[in-house]
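> Among the features that TrEMBL reports, transmembrane segment is placed at 25-48, 60-78, 98-120, 140-166, 200-226, 238-260, 272-292. Feature annotation from TrEMBL assigns domain 'G-protein coupled receptors family 1 profile' to 41-290.
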Amino acid sequence: MEQKNGSSFTGFILLGFSDRPQLELVLFVVLLIFYLFTLLGNTTIIALSYLDPHLHTPMYFFLSNLSFLDLCYTTSTVPQLLVHLRTADKSISFSGCVVQLFVFLGLGCTECILLGVMAFDRYAAICKPLQYTMIMHPRLCALMASASWFIGFGNTSLQTMLIFIVPLCGRNKIDHFLCEIPALLKLACVDTTVYESEMFFASVIILLVPVTLIIFCYGQIISAVLRIKSSGGQRKAFGTCGSHITVVSLFYGTAIYAYLQPSNNYSQDQGKFISLFYTIVTPMVNPVVYTLRNKNVMGAMKKVLWMGQDSR
């Protein structure tokens, strides 16, 4: 990293929504409520998957991973944003910015891969029901989950290193509420075409490879479900996949918009609100979608609540 990037200033200023002071209080209240629901919902999923033996299956193993990931994902940005919304000091140290980008981007990349793995699990359950327990062996599930985290953070290590070697020439005001690649590239005082190409290529791999797997899996799933003669069986099969499709659509739709569009079309204002969506709304919605549309999770929740009442 060039000296002028690291020694001419001690950190960055996250401008966030400071140009809309009347909006900051509203955002603070809304985001605080969303964040609390995110913590509650995802913690509930993890606890139920651990406490109820009926949920000790590959599907809920991956769902627990997703919930833990979402907890970390939203916590990497939202608490700091809440503080910045209520104080005049909107600074973040240089090392803090590096860590935030690394953690935030790493968790996002991991979620991309994990959603693809979860689609494969649904494919095996519906298209290969007789071989499902043999295919989705606990060791394979642990290996696929570990690979998701390893690949996600491996890719992020490279991207983080690349973004922080871009010369900034002392510029330190980031027009965003977090340290994110498109906003950081706006600070560069050199041509960033090469850097943008490298970032775009990495994003295409991380985003589109899992999307391709998901499309393939659900193509096979739809074909298999349509061969089921009973309408009740079709509804049950589609019901087990509906939650995952909803989550995939929410997450990938916003991520592709943010990372796979040309930089000259990138709007800072749109980028901020899109980032708000996938940093706080999606992690909050995930447990709601999985609990309200899943009889097993709702049953486990009632069982745990009744046990708590009986113990009194």
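Backbone N, Cα and C define each Cβ position, glycine as well.
TrEMBL: automatically predicted annotations, no manual curation.
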> Within this structure, do the transmembrane segment (25-48) and the transmembrane segment (238-260) have 3 or more Cβ pairs under 8 angstroms, counting pairs 6 or more apart in sequence?
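Since fewer than 3 Cβ pairs under 8 Å link them, the transmembrane segment (238-260) and the transmembrane segment (25-48) do not come into contact.
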> Out of 25-48, 98-120, 140-166, 200-226, 272-292, which stretch touches the transmembrane segment (60-78) the most, going by CB pairs under 8 Å?
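The stretch with the most contacts is 98-120.
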> Which residues of the chain, 6 or more past the ends of the transmembrane segment (25-48), have a CB below 8 A from one of its CBs?
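Here the qualifying positions are 17, 55, 63-64, 67-68, 70-71, 74, 78-79, 81-82, 85-86, 276, 280-281, 283-284, 286-288, 290-291, 297, 300-301, 304.
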> Please give the sequence-distant neighbours of the transmembrane segment (200-226): residues at least 6 beyond its ends with Cβ less than 8 Å from one of its Cβ atoms.
109, 112-113, 115-116, 119-120, 122-123, 126-127, 152, 155, 158-159, 234, 237-238, 241, 245, 248, 252, 255-256, 259-260
> Could you tell me the mean pLDDT over the domain 'G-protein coupled receptors family 1 profile' (41-290), as a whole number?
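Across the domain 'G-protein coupled receptors family 1 profile' (41-290), the average pLDDT comes out at 86.
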